[in-house]
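Let me begin by presenting the structure, written as structure tokens, before commenting on it.
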Amino acid sequence: MVYVGRKSFSRISLLMVSLLLLSFHNMFGQQHKIDSLNNVLQRTGQDTVRVNLLLNLARAMYGTGQYNDEVAFALEAKNLSQKLGYKKGEGESWTTLGHVAMRQGAYDSALSHLDHATALFTSIQNYRRLANVHLFKGQVNDYQAKYTVALDHYKTALTLIESYADDAIKFKILNSMGITYFNRGSYETALGYYMDALKVCEKFDNKLYYASVLNNIGVVNMSVLQYDAALEYFQKYLRTMRDLGHTQFIAVALLNVGEVYMKKRSYESAIQYLDSALVTYRQVDEKRGMALAHGNLGECYFLRKDFVRAERHFNQAIEIAEAIKSEEALLKGLLGAAELYIKMDQREKAARHLDRAHQIAKRTGSMLWLEKTYLFNAKLDSVRKNYEGAYGWFKAYSALNDSLFNERKSQQVLQMRELYESEKKDKEILLLSEAKKMEALKASSNQKLLIISAIFFIAIIMAILYWLTVKSRHSTVLEEQHTKITEAYKELKLLVDKVEEQNKSLAQKNEALEELHREKDGLIGVVAHDLRAPLNRISGLVHLLSFNPQLTRDDKELITIIEKVCTQGNGLIRDLLEINQYENSQVVEVSTIDLVAQAKKMSAHFGASLMQKNIRFAIDTPAEVSISSNASYLDRILDNLITNAIKFSPAGKEVQLRVVRKEESVDIIVADQGQGFHPDDLPHLFRKFKKLSARPTAGESSTGLGLSIVKTLVEKIGGTVRIDSEWGKGAAVTITLPLHFKFQPVMLAS
């Protein structure tokens, strides 16, 4: 039997009384609406008006957390709609029933109800309501950690509302997509969708929608360890929900505030808010929230070393999550309990919980949870003194961690690049607009010049004719004509001067655009150099550490990982600097290159990499073939192509290097038997920082600059590049170069 102390009992009692008083105060306005609807309902017959009143009452009950009453009104609306043959009302009734089932954690029932709604709205072609159903289906799948299925439903919903100006549902879809991407670990993508949702929210005044996005941004801040910023967002969300009287969302806010305090190690405050969240979730009977609150309370007590209470809360979280089939909440409870049992040295219990968590994480494809299972398994094997097993788990953890880190960094680089390109394009558009104005003014000036010239010549002809016919007229007439001609000339000169002045202004703006381009290149160079110095210092210090004779095997493995990260970072910096240098180089040195010797040189250079992955390297060249080109450029081109071929080829395959001579050119072909390129990737093959569908087969790193560098260099030496590929069957890259390249400086257009 568990006894509750006087202090704890008083705190919980006070908490419940406070919540009840708060709920009564906030729900007073909502209750007035419910009473009004009930009064109208009593005077309404058995018709479609009654159906719509019942549905409005059901929605009002949801706002106050009275789920049983909501279900009762929705069922009455469904039965009456079926009797009347009112498909729209029946579809909305099934949607309401599905939504409340989702909130109560009955996910199978929720999907069944929503399937009924889908069929009804499809039959009457009500695509706006159908979009709302797909939104709820996406949320149900998100709660079950089926993130890919959830995103498919959200995308379908977005497609369905394209022809409707329904900003409210568009906001909900974008916000939900952000939540799902966050749950998958794609924080930058999630923030992008949250920002899109905020932009839509600005079009209409809805505090609930706006606050929900603030809450989600707070969750992202908490995940990247910005706890103070997260707490500020969560507190704003909590205040707004209390003002609006939404009991369910008050519980969400309390849960998030409690979790932030736990991360900040303010355990007393954390437990206070988490207890409040648990009481509020029980009040509205939302089981998923109850499971999450129990999980967080378990973690909080674990951190306070109160293992008895921690175990009780973790077990309650697992029990509820299993009952409602919420794999997200179940994973949280299982991993929390596993970490607790490792700490308590109850190894068998820890192993059972970890095994279940590992299987669920693999099945759902959640990389963040899978990463945690690897780490906890490494800890468990270390406690068991199974160091070889622990090393294997830690290697898997490190590889997945590197993969997630690289994916996030690539997204960040791409977003920064796109932001820069967007700003640059805005400036280019501004300059182009100014240029067009100049051209229009110049055209207008030319037209005026033509008219004035025509007038000028007509005046001369008229003057001559007039002189011939009236020779005897006084010389003052000629003087008047001369004065007019002089004035016309002056006006023409003024116009010419104005056009020249405007041309100078246009030239200055073009120069400013070129300066902007140079500043961009300089910025990339400075950033790259500033990053290289600390990486080299880290690499040097790690190299010194490697000479320590007292290093354990784990220490050496960590040193290897750090050296690998430094090497990858320096590789990215090198590629950034080189592509900048290649794009801006104005001189290309030309020499005679023996391609047969070049091919053999490549074979020797990649010998170790080929042997490591058991890949054959086949060379097919004529007996003799030479070209006039730039040797260092050709070295880098072949290095990039063969590196990619090895990187994306499975072990035991073959990489080919072929040289085919033609009359005025030569083809150099690098072919592999790897994954090839997906059809969706083909338009983007040469874009900088573009991550394609194929992935390195042995965990190698990729900067996304390799093919971009190849294309730049090939064009510098007068060649072309072509890629032939079939997804899943390898790729062949063909470089066509002239036999005799003569460098001709190219002036870059402004």
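Cβ atoms are placed via backbone N, Cα and C, with glycine included.
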Looking at 406-443, 482-519, which one is coiled coil according to TrEMBL? 482-519
From the DSSP assignment alone, can you count helix, strand and coil residues within the repeat 'TPR' (251-284)? 31 helix, 0 strand, 3 coil
Can you count helix, strand and coil residues in the repeat 'TPR' (291-324) using DSSP? 31 helix, 0 strand, 3 coil
From the DSSP assignment alone, can you count helix, strand and coil residues within the repeat 'TPR' (171-204)? 29 helix, 0 strand, 5 coil
